[in-house]
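Colleague: Let me give you the structure first, and then I'll get to my questions.
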Amino acid sequence: MESPLRIAIIGQSNFAAEVLELLLEKHYNIVGVFTIPNKGTREDILAATAKQHSIPVFKFASWRRKGEVLPEVLKQYKSVQANLNVLPYCSQFIPMEVIDAANLGSICYHPSILPRHRGASAISWTLIEGDEVAGFSIFWADDGLDTGPLLLQKQCIVEPTDTLDILYKRFLYPEGIKSMAQAVNMVAEGKAPKIPQAEVGASYDAAMFKEQNHYIDFKKTAEDIWNFVRGLDSVPGALAVVLHEDGSEEKIRLFGAHLYADGPVIGGKSLTLKGLKNPAYIHDRGLLLEGTDGKFVNIRRIKRGSKMINACDWFTKCKQNQISNFSKDELDKRDLLINIWHSILKCPIEAETDFFAAGAGSMDVVRLVEECKDALDMSLDSGQVFMAPVFEEFFCEIIRSLRQESSGVQGRIHYDGFVLQANKREISVPTQLFINGEFMDAEQRKTLDIINPSNEELLCKVACASRLDVDKAVQAAHKSFYGAWRQVSARQRGHLMLKLADLMEEYKEELATIESIDSGAIYTLALKTHIGMSIDAWRYFAGWCDKIQGNTIPVSPGRPNNVLTFTKKEPIGVVGLVTPWNYPLMMLSWKMAACIAAGNTCLIKPAQTCPLTALKFAELTVKAGFPPGVINVVPGTGIEAGQAVSDHKLVRKLGFTGSTPIGKVVMRSCADSNLKKCSLELGGKSPLVIFADCDFEKAVKYGVCSVFFNKGENCIAAGRLFVEDRIYDEFVRRVLRDVRSMTIGDPLNRSTAHGPQNHRAHFEKLIEFCRRGIKEGAKLVYGGRPVPNTKGYFFQPTIFADVEDHMFIAQEESFGPIMIISKFHGSDVESVMRRANRTEYGLASGVFTRDISKALMFADNIEAGTVFVNVYNKTDVAAPFGGFKQSGFGKDLGQEALNEYLKTKCVTIEY
C-alpha cells in the first residue's frame, strides 16, 4: 500500500540517486527531485535517475538571492506539495522557507557523529583530527549549521588503512544509504525521535574545498602529517611545494600515506619541500617525510599537474616530457572520453577519477577499450587501462598514442646502435645496455668489441656492464617486481608474451640475420631453430601463465575444529640469467620465457661475444608493452658482470648455462651471497650408441647431425659415438663421405651447411683439442685443422676413429665439430653401457637399434637427463631439458621448467 508520505528529494550525486532508488523500492511516493543544473551537457545522476522513473525534476542554480528565497523557486518547490524533505547530499544552501514548508520536516545526512565536525568537510576532519571513531548522523534541519535535532546515528572504528575514500566507501556510503531509508521509515511510522544536540564537544571545521587549506603543516608530528594526508586522499589531495635547484617552485599533491617503520633508507635521493626542516627522500617505496618527532611518513603516490605517478618514480618521471598544449580536436576527444567513462561508471568524471576506485570491473575494462577503439579509430588494449586508471592520465596516454600513430613512431624506442647491412636488409641494432625500459651507456662508456666470426672484422662496439650497471638493472627489476609487474594479472602476462612472440615472428628474418652474423650460425638453421624455437618457447610458456596453481591438502585437524591447508605457487622475485654463445636468442628464450610466465622479473647477461640478438629482443619487449624493469639486458664480461649477477643479494634465483668449471664458481657465489636458488645447465659428453641391428641409413644421418649440428656448438652434441664392430668400418666410411660433401662458408648463403666457430679463443681450443687427440694415438680420419686459405674462424669438420677410453678426447668435451668414434663388440651390451656412463657428465644420450628391449634397457641404465632412441637432437619446448651429475641440475622447457622459477607457500587455516 502506498505511503501517505509525499517526499521531495533535494541534492545531487550517486549517494542521492541510490537513496532515491531505495525509497522507490520501498514504494514511497517521490513527488519531486530538486538538484543542480547540468554541467555543460552532463546531467547529475540524481536527475537522470529521477527521469527514468518519470519523477518531476527541477534544476536550480541557486535557491535564493541576497539572503532571500527566490519566489519562482519557492513556487516550483511548493507545486509538488511535499510533506517531507529528504536531503541525502546537498551542496546548495536551502532557504528555511523550503525547509519549513514540509509539514513533517526536513531530514539531512551528515558524515560525522554530531555535534563533532560540523561543516562541509566532516569526513576529512574525522581523519585529520585522528578520531578513533567515525560515523554519520541523520538530523532534522534547522536554521543552524548542522545543529538540528538528531534522528539517528551510526558509527564505526577508524582503521589505520582508512583514507577519505576508503572510509566513505566501506561505511559512510553504503550504511548511509540504508540509514536514510531507515530514517524515512521511522518518520512514516511516527517513531522518528528529535534528540537535541549537545554543545559540549561541538566543533566547527574549516571547509577543505579551499586550496589554502590543502597545504601540509610540516611543523607537526609524523602521525599528524599522516592523518592530514589521508584526510584529503583521494580528493583533493594534500598540497606540498617542491623547491627545485633552479629556484622554481612546483605544487604537488600527496597520496597513499602510511607511517614508516621499515628501517633506514639506502640510496635515497633528497627532495626539498617548502616548510619541511629536513630534506624529504625519494626511495624505492615512495617519498619519506620527517615529522617534528623524528618519525617518518611514507608517501606512495604524487600528483604533478594532472599526472599521477608513483612517488618512487619522481626523478625518472621528471626527465620525461609531460604532454601539454592540446589541440581543439584533442580537447574534443577529452569530452568524448568523459562521456564514455560517465556512461560506464555512472558518476561525475573529474581529472582524478580512478576507473577502478569508482567501481569498474573486468567487463567494464572490455567495454571501455571497445568503445574507445570505435570512437577514436585507434589500437588500444586492456593493459593500457590498467597502467593508466586515472582519467587525466588515461586521456594523456590516449593522446600520446594517437600522436604516435599519426607520426608513425608508435612503439619506437631511442637508442645508440648501428645499421647492419646484410642479407639484402638494413637492420637497426642497439648497442647499449637495456635497463628499466631504456637503452643507456655503460658506466664510463666502457665497451666490448664484437667480432664477425666470418671475417674476423670488428662488427661493432657494445656497452660493457660494470658491477654498478648490474646493480641498476637489479634495482629496476626489484622495483618492477614489487610495483608495476604485480598489477599485471597472470592472463595479461600471457597476452604480453604472445604479443612478444608475434613480434619475434614479424622480425624473425632480422633476428636470424643478426644471429648469423653475430654468432656464426648458418642462416637457415638460425631461422628455423635459433629463432623459430625461441618463438615457440614464448608461445608455449604464455599458455602456462594462468594455469600455475597450488593444491588443497587433507591434514589432521585438532578436534573439534577443522583445518584447511592449501599451497600457493608464487614467483621468486628478481631472477638473474647468464646464457652462452652457441644459441644466443634461444638460450635467452628457454630460460626467460619460463621465468616471466612464472611472474618474475629478470636481468640477463648474454654471452659477451654475441649479445646483439638479446639487445634487439629488448627493443621488441618495449614494442610488446612490457612495463619498465621487467626485462633488463646487460652485456658484459663474465668475470665482472656475470659475477655481479651471481653475487647480488636482491637476485633470488640464478639460471646459468655454460661450462662445468664456471658452473661451480656460480654455485659457490649463489651460496655465499644469499643462498639463492640456482639451476645449472653445464657441459656434456653425450654418448651415442649405435647397434648393428639399427636402421643404418638413419643412424648415419643422425650420427652426422648429432655431432656437426650448429657446427658442433651444441650442448647435447654426441661427444662420443660407440659403434658396434660389425658395422664400424662401413659407418666410418659413410660418415666420411657425408662430411666431405659439406659446404663450408658464408653463413648467410642458403647452401652453406657449416659456418664459422663463434670466436677466436674457442677456435684455438679446437686446434689444441685435435693436436692432443693425434698425440695420444687416435686415428684422424678427416679434418683436425682450420679451413685453409680462408679468413674467419672456419674449422674443418673432424673425424677421429679408434678412440680409446683413456684418451683425453674420449673424456672431455670439445664443443666443436669433432666426431669421436669408438668400437664395441655386440655380445657385451652391459660393457658398452658402463663405458657410456664412465663420465662425470650426464646431459644427453642416444641409441640406435631395432630391438625395443635393448632400447629400453639403455634408457633405464644410462645416466643422462635426455635419452634419444632412433633419433637425435629432437628437442621440443614442451619436453623438459637438463642434465645429471656434473652436467648440472634443474630443467629448461616443459612444465618442469616453471618449478625452477616458483616457490611453494603452504597456508593453514583453522576454523
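Including glycine, each Cβ sits where the backbone N, Cα and C put it.
Heads up, here are the entries from TrEMBL:
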- Gln92, Phe93, Ile94, Asp146: (6R)-10-formyltetrahydrofolate binding site (BINDING)
- His110: active site, proton donor (ACT_SITE)
- Asp146: site 'Essential for catalytic activity' (SITE)
- 328-402: domain 'Carrier' (DOMAIN)
- 605-608, 638-643, 658-659, Lys765, 813-815: NADP(+) binding site (BINDING)
- Glu681: active site (ACT_SITE)
- Glu681: active site, proton acceptor (ACT_SITE)
- Cys715: active site, proton donor (ACT_SITE)
Colleague: By CA distance, which of the recorded positions (Gln92, Ile94, His110, Asp146) lies nearest to Lys605 (NADP(+) binding site)?
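Modeller: For Lys605 (NADP(+) binding site), the closest Cα among Gln92, Ile94, His110, Asp146 is found at His110.
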Colleague: Compute the mean position of the Cβ atoms of Gln92, Phe93, Ile94, Asp146, which form the recorded (6R)-10-formyltetrahydrofolate site, and then list in sequence order the other residues of that chain whose Cβ is within 8 Å of it.
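Modeller: Counting only non-site residues, the set is Leu87, Cys90, Ser91.
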Colleague: Whose Cβ, among the recorded positions Glu640, Glu681, has more other Cβ atoms within 10 Å than any of the rest?
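Modeller: Of Glu640, Glu681, the one with the most crowded Cβ is Glu681.
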Colleague: Filter the recorded positions Gln92, His110, Asp146, Glu681, Cys715 down to those whose C-alpha lies within 10 angstroms of the C-alpha of Gly658 (NADP(+) binding site); answer none if the list is empty.
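Modeller: Final answer, ordered: Glu681, Cys715.
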Colleague: Where His110 (active site, proton donor) and Gln92 ((6R)-10-formyltetrahydrofolate binding site) are concerned, what is their Cα separation in Å, rounded?
Modeller: 14
Colleague: Between the Cα atoms of Ser814 (NADP(+) binding site) and Gln92 ((6R)-10-formyltetrahydrofolate binding site), find the distance and write it as a whole number of Å.
Modeller: 86
Colleague: Based on DSSP, tally up the residues of the domain 'Carrier' (328-402) by helix, strand and coil.
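Modeller: So the counts come to 51 helix, 2 strand, 22 coil.
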Colleague: I'd like to know which of these binding-site residues, Gln92, Ser814, is least surrounded, judged by other CB atoms within 10 A.
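Modeller: Lowest Cβ count within 10 Å among the binding-site residues (Gln92, Ser814) is Gln92.
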Colleague: Roughly how many angstrom lie between the C-alpha atoms of Glu681 (active site) and Cys715 (active site, proton donor)?
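Modeller: Just about 9 Å between their Cα atoms.
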Colleague: Can you name the residues of this chain that are 6 or more positions from Asp146 ((6R)-10-formyltetrahydrofolate binding site) yet have a C-beta less than 8 Å from its C-beta?
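Modeller: Counting only residues 6 or more apart in sequence, the Cβ neighbours of Asp146 ((6R)-10-formyltetrahydrofolate binding site) under 8 Å are Cys108, His110, Leu114, Pro115, Arg118, Gly119, Phe139.
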Colleague: Residues with Cβ closer than 8 Å to the Cβ of Phe93 ((6R)-10-formyltetrahydrofolate binding site), same chain and 6+ apart in sequence?
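Modeller: In sequence order, the residues whose Cβ lies under 8 Å from that of Phe93 ((6R)-10-formyltetrahydrofolate binding site) (at least 6 apart) are Trp63, Arg64.
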Colleague: Distance between Cys715 (active site, proton donor) and Ala607 (NADP(+) binding site) at the Cα atoms, whole Å?
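Modeller: Cα of Cys715 (active site, proton donor) to Cα of Ala607 (NADP(+) binding site) measures 15 Å after rounding.
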Colleague: Please give the (6R)-10-formyltetrahydrofolate site's span as the largest CA-CA distance among Gln92, Phe93, Ile94, Asp146, to the nearest whole angstrom.
Modeller: 14
Colleague: Using a Cβ cut-off under 8 Å and a sequence separation of 6 or more, which residues in the same chain sit near Ala607 (NADP(+) binding site)?
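Modeller: Thr579, Pro580, Trp581, Pro584 - these are the non-local Cβ neighbours of Ala607 (NADP(+) binding site), listed in sequence order.
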Colleague: List the Cα distance (Å, whole number) between Gly642 (NADP(+) binding site) and Ile94 ((6R)-10-formyltetrahydrofolate binding site).
Modeller: 73
